[in-house]
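S.K.: Here's a structure for you.
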């Protein structure tokens, strides 16, 4: 049971959990009430850094959600890498209670990664997409070589973006690649030709919720747990 608990916590959370448990021990040595407060913080850290197994659909045609959260907006915008090209932007807001592990939205190859410095205003605001610190991935899909752009965006509280993907890496749908600590936003930019299957206000689950299809939806899906 302990192994399963540790296995289902993202490694980025280990140091926070160890420090909070140490603080709990010291807190109980000082007073019971202080120890209880510190222990509650430890449990919150475990909850925040949880990394549950997901049932991921299979297929090069699929684009799944890169993050847990709420879809704030779906709209046509200029591509962030080519202002002459129109794309569909799906914005996902992660509150502090969501799972914050990010997953690859489409099977393909990482064409580039880019760190973009910026501010730390609330990630629920539209202007955070342009002003806040973010990490950008550009993925070339296996199917028809479409470019899918993904921005991990820091928020008011989230000030640490972790991205383990690298240029030239072959990635699979639903594969874990990073995490954003303590509330954030993820924007995904898709070709206009994609068939969107979600709506504004919908709650999505990383690796499981299908955001769109590169071509028409298949009649049957297969899944795997990762």
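Every residue gets a Cβ built from N, Cα and C, even glycine.
Bear in mind that the values here come from a model prediction, so they are computed numbers and not experimental data.
Swiss-Prot lists 184 with the feature active site, schiff-base intermediate with substrate. Under the heading pyruvic acid (Ser), Swiss-Prot lists 184.
How about a rundown of where these features are and what they're close to?
M.R.: In this structure, residue 184 (active site, schiff-base intermediate with substrate) is part of a beta strand by DSSP. Every protein chain shown contributes to the tally, and the Cβ of residue 184 (active site, schiff-base intermediate with substrate) ends up with 31 other Cβ atoms within 10 Å.
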